[in-house]
Amino acid sequence: MKLSFLSYSAVLASSLSTTMSLSATASTNDIMIRETFNREAFHKGFHTVTSEECYEIEGNFPTDLTGTFFQNGHAKFQVGDEIVVHPFDGDGMVTAVTFANGKAWFRNRFVQTPGYVEELTAGKVRYRGMFGTAKNKGAWWSNIFDLKTKNLANTHVLYSNNHLYALWEGGKPFQLRPDTLQTIGDDAVDMEGSLGPAENYAAHYKIDPDSGNIVNFAVGQDPSVSDPSKGHMFTVYEHSGKDLKLISKRKFALPGFGLAHDMAISKNYVCAFQAPVKFNVWPFVLGKKSVAECILSDKEATAAKIFLLPRTGKEEVIEIEIPVAFTFHLSNAFEDKDGTFVVDAIMADDVNFADTESNKYPERPLWETFDLSTNAYQLRRYRIDLAQRKLLSVTTMSNDASANVEFPVIHPNYVSKPYQYVYVGAGASITVGQPTQGISKIDVQQGRTVQKWLPESVDEFIGEVCFVPRGDDNAEDDGYLLAYKLNGIKEETTFCVFDCQNIAKGPICEAPIPTFLSFALHGTFVPGYVPDFHLTKKLFDEENNTK
């Protein structure tokens, strides 16, 4: 089986190499390059986390690091004797690390969605996965005409006014206690009444640094279009960051199939990319494929699109054709004084989802069985003339270490504004797609990678990092990067803190995490949120004892 295994938001988003031996590692100034990783170690990152714990961790943490780092991700890959075939079908688990006075403590807990609880109780898969997992080990008669899926709550977290939410773009958020991570209530919430019965809330919100407003979106069906390949509804929500009060809710009917996992904001626009894909729903209806497997690259397409959606007023949507490309994550966008709109995005030239129907080893998960060779993801800049509504240029941030990157993060105060640095998860190779093992620092003004760090061992992997500013008025790169490092062979987790100005030197602090975690997805840092450890642990243990 040969698969192009690229997806919307995971360590796998940069695909994999089939080589397992280590080639020579090169280092040029602040840039490290090598061509391979340990595939067996990578497989171990997709394991079910079996414990929910709360404990202090030992490390020399910066004394000016005060607050809590929350992260979400898939962490359950087996239900009874049935496997979760695709990692993105795994149930969500939230982790948290709280820092204060040079000390830190950790906790983790699964999001108690109705689907998670039902399957845990039954000991078997009860819902079809969006990416490939099927009921009754794929038997078509158990899946035909069953269109129900479960909310996985596994992609991101949102914090506002002492409220924490677990996000998944296919449904509504679940509310959690930010101290113990206990799920509040038995079902998803409607974000203070702003979501209708059939409306979702995406996992990639942006926070406007000037207003503090939370800008998010949802992709749904356009009721005026019968064929989802011909059109979709793109809804933009803007909530107050203080109390989640809905400020605006704007709906845009857009052409083509809606495949948007992320977006960017500028002062006046929400920016979304439209990939050239086709969608055939019938294999899903007939129980043969998942929804994601019904999405195919349109080989006849001559262009992809960028949509600029006005955040306020009655201005029409600006639609721009760009060369064929695919994106899942955007770095940033802004409007220059000369009337140019600029957006930076992680791009690939092609994308296809793994096809479980052709899996020769149905008893094994896809990440263990596929063989692939794909283009590496790269950061590209698109410049658009707003007055003329035309594409001015496309520039790839290209040098020896700029290929094979994913999960862009920036200083939060520079969202929607001109900026200089973006930090990305980086694969070891610069020629083929691979999982992220290290970190690259890209200078978007120079258009190249200026620093790259890789762990010493090919058995170790780092996913998305989180940027924490050292102060509001300091330099753009004056801050810390927070990340979990997983060693698949030793089955160990280490929490790492990097100095953003010198990531090439490696972590300035490494703290062992006794729990061997699975690969996570997206996270956020909440400055100043420091619940009491001893009280939280008491509540945490009491909640565990009541299960």
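Including glycine, each Cβ sits where the backbone N, Cα and C put it.
Per TrEMBL, the feature signal peptide maps to 1-21.
The 10 Å shell around the Cβ of H522 (Fe cation binding site) contains 24 further Cβ atoms across the protein chains shown. According to TrEMBL, the Fe cation binding site annotation covers H204, H261, H329, H522.
Classification of H329 (Fe cation binding site) by DSSP places it within a strand.
Comparing the binding-site residues H204, H261, H329 by how many other C-beta atoms lie within 10 angstroms of each C-beta, the top residue is H329.
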